[in-house]
Amino acid sequence: MQRYVNFFDKNRRDVHGLLLLDKPTGFSSSFFLNKIKKLFYAKKVGYIGTLDPIATGMLPICFGKATKFASYLLNSDKRYRVLVKLGESTDTFDASGVIIRIADVQCNKEKIEECLKSFLGTSLQIPPMFSSLKYQGLPLYKYARRGVNIPRKSRTIHVYSLYCLNQLNSIIELEIHCSKGTYVRSIVNDIGEYLGCGAHIISLRRLMVGQYIASMMVNIKTIESIFFDKDLNDLEVLDKLDNLLISTETIMCSF
């Protein structure tokens, strides 16, 4: 089913607001940005805070005037739920990479809690090579795939909370509240080093960005169900889609 073909000819719509997309796993943030732009038939859109293909959860997408305030969200704290595999290290620090180390897991609950506490507060973190940070116009992960290591500057991060929700043998579930620019995959890798057994991320879910919480997210299937609803005409579809957006003014509420 194709919509808007006759309703719109050349120009896309002026759409303003914020969509908190619940990004599924398996695809890049850019993939879903382009998809949302087409579904909303919007002129100007942009997302805040890249989520890797393996990651899910809150991907803020700004429309129109909201893009002017994107930096406020980019600089906001984030909260994540992360599933970690102890005893295995990978070159990417997550399950998408190649296993480069296997070790026995010999740590109890007390040792893990001691480890997590050591990451609280302010520290310096070097961004991982497998990241979207750019060097001479190319993201670092492209250099990493070629086996090229690029020197990176450390950056200041702050971990407000980090605790273990569940543990089953070598699998632990963590929740972390951290500042902007924090690479959770690097923290997980460092946890593995601290425990002496290695570790990598199995799954990562972003639960919060700034003042926006998980219950405010919109599933991509919800958006598609509106778009493909045969009982709605084009104007009704656009109206229902626009109702999913959060007002631009809310971005400034906590600043």
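We number each residue from 1, going along the chain as drawn.
The backbone N, Cα and C atoms fix where each Cβ goes, glycine too.
Within Leu51, Leu59, Leu116, Leu204, the residue that Swiss-Prot lists together with Tyr80, Tyr183 for binding substrate is Leu204. The Cβ of Leu204 (substrate binding site) has Leu51, Asp52, Ile54, Ala55, Thr56, Gly57, Tyr80, Arg81, Val82, Leu83, Asp94, Val184, Arg185 as same-chain neighbours under 8 Å, each 6 or more residues away in sequence. Residues Tyr80, Tyr183, Leu204, recorded as contacting substrate, have a largest CA-CA distance of 11 Å. A sphere of 10 angstroms centred on the C-beta of Tyr80 (substrate binding site) encloses 22 other C-beta atoms.
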